[in-house]
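A quick write-up on the structure given underneath.
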Amino acid sequence: MALLLPLAVLLAACRPGHGFSGGCDTCGLRPVAYHYGGMRVVGGTEALHGSWPWIVSIQNPRFAGTGHMCGGSLITPQWVLSAAHCFGRPNYILQSRVVIGANDLTQLGQEVEVRSIRRAILHEYFNNKTMINDIALLELDRPVHCSYYIQLACVPDPSLRVSELTDCYVSGWGHMGMRSAAPTQTAEVLQEAKVHLLDLNLCNSSHWYDGVLHSHNLCAGYPQGGIDTCQGDSGGPLMCRDSSADYFWLVGVTSWGRGCGRAFRPGIYTSTQHFYNWILLQVRAAAHPTSRTWSHYMSTSSYHHGPNAVPTQPSVSDSCPFPAQKLREFFTGVQNLLQSLWGSKA
């Protein structure tokens, strides 16, 4: 039995519960970055390539330099989750492209995939003044291929206790300086920083955000400031490690803040858990007749039978560092062997 337990743990690590993944067999895993090193986002450090393999750069030629406009997270091979306020102008959508698997936006390697946007779905009740319902879905013109540098993010369903997650990070290519007036340099290399989830009531108190936050918001950063998301990080991920396994949940979408890195003004995020059903509804409604049904990509807390998703590519791009099918076969073989040995002793 001691031999079976580690195998069961590996199987569980290849398909987390409490949420959904969009194919490629798994979500929330970082094949290249098993050991997270030192923790620019404001006050952060450069991320190693592959550290956050679901983050994407949404680019528009109207923006200087690399054209980076906003971030986003790949949640299925053909859908990206981002912030609605990034797409206030229709021509931004038509002219934009999505870069997946990149780290340095000035040097896109062979592992990077680039897609056009087929459609953008902004929340129907998004308000760009109050920033309520600041969430959007982007359908890519064709699916991407999972690899060591391209993975899917896990969106938590309502059963996950997000407030109990303590190991959380933000990442993006946004401005890196603390902003009082004009923003400073935009990052070319992906930046990352560790943050704390802060109590929403505290963030909404009179000396902080003074009641302007909504129940679907998350608040993350540090009371003293210094580390924060900034302009250009919008739409990107707020990610927390699962409390019992080495995979990450996409718990928030970067929405807004007052300044960058200021005391008592932490970053404000849209809770993905709050909009879980909205996300499912939109992607189901947009499903193409030739595509897999959305239920193919679902995994909830009631899921008990192991992964049923089929990788979109051969094993060279299998997204799970421990291929689930092989593990199940090995696990079954060991179990049969032990049963045979026990039977011979009887």
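Each Cβ is built from the backbone N, Cα and C atoms, and glycine gets one as well.
Record features (Swiss-Prot):
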| type | residues | note |
| --- | --- | --- |
| ACT_SITE | HIS85 | active site, charge relay system |
| ACT_SITE | ASP134 | active site, charge relay system |
| ACT_SITE | SER234 | active site, charge relay system |
| DISULFID | CYS70-CYS86 | disulfide bond |
| DISULFID | CYS168-CYS240 | disulfide bond |
| DISULFID | CYS203-CYS219 | disulfide bond |
| DISULFID | CYS230-CYS260 | disulfide bond |
| DOMAIN | 41-284 | domain 'Peptidase S1' |
| CARBOHYD | ASN128 | N-linked glycosylation site |
| CARBOHYD | ASN204 | N-linked glycosylation site |
| SIGNAL | 1-19 | signal peptide |
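Among the recorded positions ASP134, CYS168, ASN204, SER234, the ones whose Cα sits within 10 Å of the Cα of CYS86 (disulfide bond) are ASP134, SER234. Of all the recorded positions in the list ASN204, CYS219, SER234, the shortest Cα-Cα distance to CYS240 (disulfide bond) is found for CYS219. Taking the Cβ of CYS219 (disulfide bond) as reference, residues of its chain lying under 8 Å away and at least six apart in sequence are, in sequence order, LEU197, LEU198, ASP199, LEU200, LEU202, CYS203, TYR209, LEU213, PRO266, GLY267, ILE268, TYR269. In sequence order, ALA84, HIS85, GLY88 constitute the residues six or more apart from ASN128 (N-linked glycosylation site) in its chain with CB-CB distances below 8 Å. Using CA atoms as reference points, the recorded positions ASP134, CYS168, ASN204, SER234 were checked against CYS70 (disulfide bond), and the closest is SER234. Nearest in space to ASP134 (active site, charge relay system), taking C-alpha to C-alpha distance over the recorded positions CYS168, ASN204, SER234, is SER234. Looking just at the domain 'Peptidase S1' (41-284), the mean pLDDT is 87. DSSP gives CYS240 (disulfide bond) a strand state.
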